[in-house]
Each structure stands twice: as structure tokens, then as C-alpha cells.
Amino acid sequence: MGALRWHFLLQCLEDLQKNLCQLGSCLLVIQGEYESVLRDHVQKWNITQVTLDAEVEPFYKEMEANIRHLGEELGFEVLSVVSHSLYDTKRILDLNGGTPPLTYKRFLHILSLLGDPEVPVRTLTAEDFRSCRPPDPGLAERCRVPLAADLKILPESTSPWRGGETEGLQRLEQHLTDQGWVASFTKPRTIPNSLLPSTTGLSPYFSLGCLSVRTFFYRLSNIYAQAKHHSLPPVSLQGQLLWREFFYTVASATPNFTKMAGNPICLQIGWYEDAERLHKWKTAQTGFPWIDAIMTQLRLEGWIHHLARHAVACFLTRGDLWISWEEGMKVFEELLLDADYSINAGNWMWLSASAFFHQYTRIFCPVRFGKRTDPEGQYIRKYLPVLKNFPSKYIYEPWTASDEEQAQAGCIIGRDYPFPMVNHKEASDRNLQLMKQVREE
């Protein structure tokens, strides 16, 4: 977990503390291993109930089982609530008959049998906390939200995203005011290299629980009900929530979901191991400005558009470098504000054509793809200022400019910015043959 997400998480906790204080309650943050923390505090604070989100990740499944055992031992009730997702993934899998694989089409059919998800829990008010008493000041100070310096996290960076429910709700309201945009939203038509997010940018807030996914679902339903026409899943805004749900469901039923080995839905591919090439991709030194601008935005801000994620994922795996999707997944897990076990691994398997996606002949060009929606290269000029003075005709391929033109732009390729690390056509043609061979075998 990188510094950006740590800062975002701490901002979320600070905002939660502030909002609870306004309702007459408070947040106490205890640091330590959860088992020892519970053992220490159950009797000390006379705890009778422990509540937690019902999760699908192996770590949290194991944690819930351990807490239930502790509850039996120490005499507290454990309440596990499905709240981070729209549906209970166990119910979906039961209706699927436990027969993998679960396709997206089959998944939507099962959801039609289940009907709409449960309505969101109402907003808490001061009345809910009328019996609360402020804690002892010494306790409140000992159990305050930690500062970044307390956790030895690097100073805050330039990420435009600020954590917390307050910020998440403001973003939600801002997007929902344009009901025409909401009704006609289709994700493939959004622009990956716009200077401001062309999607909602709400994923970090869903990822850490600042926003209720059910609130968003039902607010969208109300807008759709008033519209003459609206887009439909899988490309609509509600469709994006259902993709999230799909990956959660598949991840909950798939062993070793974040690995290739031992993963029953994943193609077993002999990816190259090349630490130097992986490092160049991660540090925006591939020599392809469109790819490097995306990786720079990711490192600086912790968020990139989903089509930008597609471009760099394809480049690392089946497109150009033939490096395992697991390596890319780890980089995203560290750098993304919205890093998510199920969605991150699912999308990396998809983009590497290891699972789900079988149109493996479609390879994103690291030059033409970005040029379609941003021919002037404003996105590249923002995130790779070393190239900002190149004429638009060279901005995606600066190595094609003459020595004189490079000198005029103040950037010599091979000295100030690297040459392309691969010949895209040769590499993608070779990798396409490798992928065909894997699939034939």
C-alpha cells in the first residue's frame, strides 16, 4: 500500500471522526493485531457485540472466522453485514448451482432472479447517539486518528483526491446534477486522456467505504425512471456497479484469484521474467509518451481512467513486453487509491487475456490509441513536461522528429527522454503468435 492511499485512508478516518463528533459520538482508533486488540478491550470496555463487513477476500474471511471463535470464547456476539457490495455473493453462487465458471451473461440472469439489492441503510442522526458519552480525554488522545508522521509515511503528494465521506458525497452530488449525462453515460465513449476525469471518479470512495454503493445504485435508478431513454448494462453507470459485483462474486469462489498458478480460471502462460523492463514500465521510461504519461499520472495522483489502465496493462502483458499480469497487479495495488483485491486481479486477468476476455487479437497501439481522443497531446504535455515543446505531429512519436526539431523542442531522444524500449509492431506480432500457441495447447 503506497503513500497516496495511506494519506487517503487517514483523511477518510479524520472525516469520519469529525462527522461522528457532530452527532455526539466519536471514533477511537486502536493500533495492533486484531486478535490481541479484541482480547485486551472486550472486558476492559465491556464489549458485547463486534460488527464487521461481510468480505470476500481470503484474509478477511479468515479474520471473520477467527473473530467468531473469539466471540465464543470471550462471550461477545459477532454481526457480519453485507454492505460493501450490492448483493450477498453467496446467494448468487448458490443460484449458479456452484458450477464454475460464472459468465457475465449468466451473472446478470441470476441478478434478475434476485431483484433489486436491498435499500441502503438510512443516514445516522444525533438521535442514534443520544446515549453516547464523550470518552475520557486521555483515552480520546491515545486512540486518535494517527498522523502520517506517526506511521512514518512520506509527506502528502499532489493527488487531487481527498479522502472522506464529505468529499465523496460532494462528488456524487456534483455528477448527479447532470441527469442527461447520467442517463446517456456509456463507459467506452469516455475519454481516457482528458485532463479532468471523464468518468465519475468515485471508485476510491467506494473502495474504502466512504460512499454506499447502494445509495449510488438507487440514486441512478431514480434518474433512469425519469428519463425517456437511458443506457443499459454493461456500459451504463449501473452496469459499472454490476461489473464490480461480478468480480467480487467470481473472486469469492475462485482459489488463488490473485495468482496464475493454482487459479482454475486462469490460462497458464510462460510469461517472461525481466526486472529491468518491468522497472522501466513502472517508472514511466518505456519511450512511448502515451504509456509513460499514464504511468506518471498513476504515480502522482493514484488514479487513471479505465481505458488508460487497459492501455498500460496490455502493453506490459500480451501487447508488448510479455510480462506477467501478476507484476502489473502488484504495481496497481501499491499505487492506486481505489486498489481492490477482486477488481484489480480480475481486470488484470481480463486485459492479459488470461481469463474472461478472449478477443486476444485486439491489441492497443501505444501510439494510435491515445492520439484518437487527444491529437494535440495535451495529456502528454501535462504529465511529461520534458516533451511539451514538441509539435503535435511528433508528440506521440518524438523519436521520429529530426535532430534539429528535437533540439528546437529542448529534448534529445536517447538523452532527455528514452527511445522506445520495443518495436511495437514486431513485439505485438510475436506475442500474438505466442498467445495463439498457448490457447491451442
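Placement of Cβ uses the backbone N, Cα and C atoms for every residue, glycine included.
Here is what TrEMBL records for this protein:
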type	residues	note
DOMAIN	1-86	domain 'Photolyase/cryptochrome alpha/beta'
BINDING	199-203, 240-247, 338-340	FAD binding site
SITE	W271	site 'Electron transfer via tryptophanyl radical'
SITE	W325	site 'Electron transfer via tryptophanyl radical'
SITE	W348	site 'Electron transfer via tryptophanyl radical'
Set of same-chain residues at least 6 away whose C-beta sits under 8 angstroms from E245 (FAD binding site):
S85, L86, Y87, T89, F107, L111
Could you tally the C-beta atoms, other than its own, that fall within 10 angstroms of the C-beta of A339 (FAD binding site)?
20
Site of maximum Cβ density within 10 Å, from binding-site residues T199, S203:
S203
Give me the Cα-Cα distance between T199 (FAD binding site) and W271 (site 'Electron transfer via tryptophanyl radical'), rounded to a whole Å.
33
Sequence-distant neighbours of W243 (FAD binding site) in its chain (C-beta under 8 A, six or more apart):
Y104, P234
If one measures from the C-alpha of F247 (FAD binding site) to the C-alpha of W271 (site 'Electron transfer via tryptophanyl radical'), what distance in angstrom results, rounded to a whole number?
24
Which entry in the list of recorded positions, F247, W271, W325, W348, has its Cβ near the fewest other Cβ atoms, using 10 Å as the limit?
W271
Tell me, what is the mean pLDDT of the domain 'Photolyase/cryptochrome alpha/beta' (1-86)?
93
Ten-angstrom check, please: count other Cβ atoms within 10 Å of the Cβ of G201 (FAD binding site), all chains counted.
19
